[in-house]
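K.L.:
What follows is a single structure, and I will ask about it in a moment.
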């Protein structure tokens, strides 16, 4: 094939354990993929860090592999998507990080966020759409400023830059010329006012974070700068947090369109349009912004354990040798045999938010086999997804007609059919499952005019399979009511027995 006439978009997908680079053509087909892992560092219990230099090296190796079969001059745009919230501070002159990146999973800043929760919960939720938690960037920045020698002094003098990983990579790719982020990543820092679309001075003053260290916030599709890292000048023109990029990559451009990504845990995002909706049990976040001072918003629910339960079935119970064996095993029985599995290994996330819940298998009889447990594990992913979607519908008053899916478990036909059955809506699986990278490739291509409209992108996007609900309402109600009873029994367990939280 003569590729010289082709135009390509390069998506950099910087995750929690690996850096990936995916090359897309103008029809959004995947041309090549590069992926390199990098280590996580655990200096103390509850601490999770990355070396930013290792991230950069892994990312550039992934790029080299992804573009190995083409001429870099054919790349018309670069897009960046990233693990959200992870925090880097670096020296503005030398570009060297002043401390390791503090990862989103890190819990060291719990005392700071406990104080915020006790005293400023409503103010922070109203302004940022988030709840005070170590998960978000704000307390991580404060920790570095307070605990790393001379950093606060340098920050006060304007000599320190902060960024989430997208910002750090754009800075490196442009040789320090661009210190920017997009609306979606800014909305995960707990410092960004999602109503006014600007850094919030009240929160910055509360945490004593100088505004000078923060990047400029721009739309998710715009030329931020140019990179010479591949030998010629290429515009960097797309930027979005990983879950928001996946929503865009699922062409969920309309209000009420929703996607679920099934990974170790699951993330469910729903497009709620031009106005943020206040939610009791979910996060309100910015989905993306395609113009200055305009944003699309989303409700987000995070489920802590979905795919990780399959890993536990494989490694903890040694019930299967490889993860792919769970679907045929679960398919070997007609139903769950009355068995429910609540995967509350680390508590329950949305919409329960119970850190004291613990894992539970209930309904076991003498006739229960490992196939029934396998089925109950798969079904738990679908039940938890319904839990979140029900709250989304209730709190937004938006009706949901279908669910778009991606991530590892979305390849499982048994699970996807059960997902459609238990919610009672159509489940749609796309042809290209790399929706996070595809989403930011779309944003980058829009930013340079490779594609001209959302309608054009929607017409290119292809469906692999649709799963239509076939379960009776009576059966659906009975199964879901059993799940809710099982969850009740799992909640608060660590408090009752004094187990470790």
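Backbone N, Cα and C define each Cβ position, glycine as well.
Straight from Swiss-Prot, here's the annotation block:
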- 16, 20, 264, 307, 408: ADP binding site (BINDING)
- 16, 17, 18, 264, 307, 311, 408: ATP binding site (BINDING)
- 16, 84, 85, 135, 242: sn-glycerol 3-phosphate binding site (BINDING)
- 84, 85, 135, 242, 243: glycerol binding site (BINDING)
K.L.:
Given the binding-site residues 16, 20, 307, 311, 408, find the one whose Cα is closest in space to the Cα of residue 84 (sn-glycerol 3-phosphate binding site).
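P.N.:
Sorting the binding-site residues by distance from residue 84 (sn-glycerol 3-phosphate binding site), the top entry is 16.
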K.L.:
Counting distance between Cα atoms, which of the binding-site residues 135, 242, 243, 264 is nearest residue 311 (ATP binding site)?
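P.N.:
Of all the candidates listed, 264 is nearest in space.
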K.L.:
I need the CA-to-CA distance for residue 242 (sn-glycerol 3-phosphate binding site) versus residue 264 (ADP binding site), whole Å please.
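P.N.:
It is 14 Å, counting Cα to Cα.
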K.L.:
Cβ within 8 Å of the glycerol site's Cβ centroid: which residues qualify beyond 84, 85, 135, 242, 243?
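P.N.:
Those within range, site residues removed, are 83, 86, 104, 188, 241.
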K.L.:
If you run the three-state DSSP split on residue 264 (ADP binding site), which class comes out?
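P.N.:
In three-state terms, residue 264 (ADP binding site) counts as coil.
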K.L.:
Using the recorded sn-glycerol 3-phosphate site (16, 84, 85, 135, 242) as reference, state which further residues of the same chain have their Cβ within 8 Å of the centre of those residues' Cβ atoms, listed in sequence order.
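P.N.:
For the sn-glycerol 3-phosphate site, the extra neighbours are 82, 83, 86, 104, 188, 241.
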K.L.:
Please name which of the binding-site residues listed here, 17, 18, 85, 135, is nearest in space to residue 264 (ADP binding site), Cα against Cα.
P.N.:
17
K.L.:
Note down the number of other Cβ atoms within 10 Å of the Cβ of residue 16 (ADP binding site), including every protein chain shown.
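P.N.:
The Cβ of residue 16 (ADP binding site) has 19 Cβ neighbours within 10 Å.
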K.L.:
Enumerate same-chain residues with a sequence separation of six or more from residue 408 (ADP binding site) and a Cβ-Cβ distance below 8 A; give 'none' if the list is empty.
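P.N.:
Looking at Cβ-Cβ distances below 8 Å from residue 408 (ADP binding site), excluding near sequence neighbours, one finds 262, 263, 307, 323.
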K.L.:
Taking the Cβ of residue 135 (sn-glycerol 3-phosphate binding site) as centre, how many other Cβ atoms lie within 10 Å?
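P.N.:
Its Cβ shell of radius 10 Å holds 21 other Cβ atoms.
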K.L.:
At its widest, how many Å does the recorded ATP site span between Cα atoms of 16, 17, 18, 264, 307, 311, 408?
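P.N.:
Spelled out: the longest distance between any two Cα atoms in 16, 17, 18, 264, 307, 311, 408 is 19 Å.
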K.L.:
Determine, to the nearest whole angstrom, how far the Cα atom of residue 85 (sn-glycerol 3-phosphate binding site) is from the Cα atom of residue 16 (ADP binding site).
P.N.:
11
K.L.:
Would you measure the largest Cα separation among 84, 85, 135, 242, 243 for the glycerol site and round it to whole Å?
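P.N.:
Taking every pair among 84, 85, 135, 242, 243, the longest Cα gap is 15 Å.
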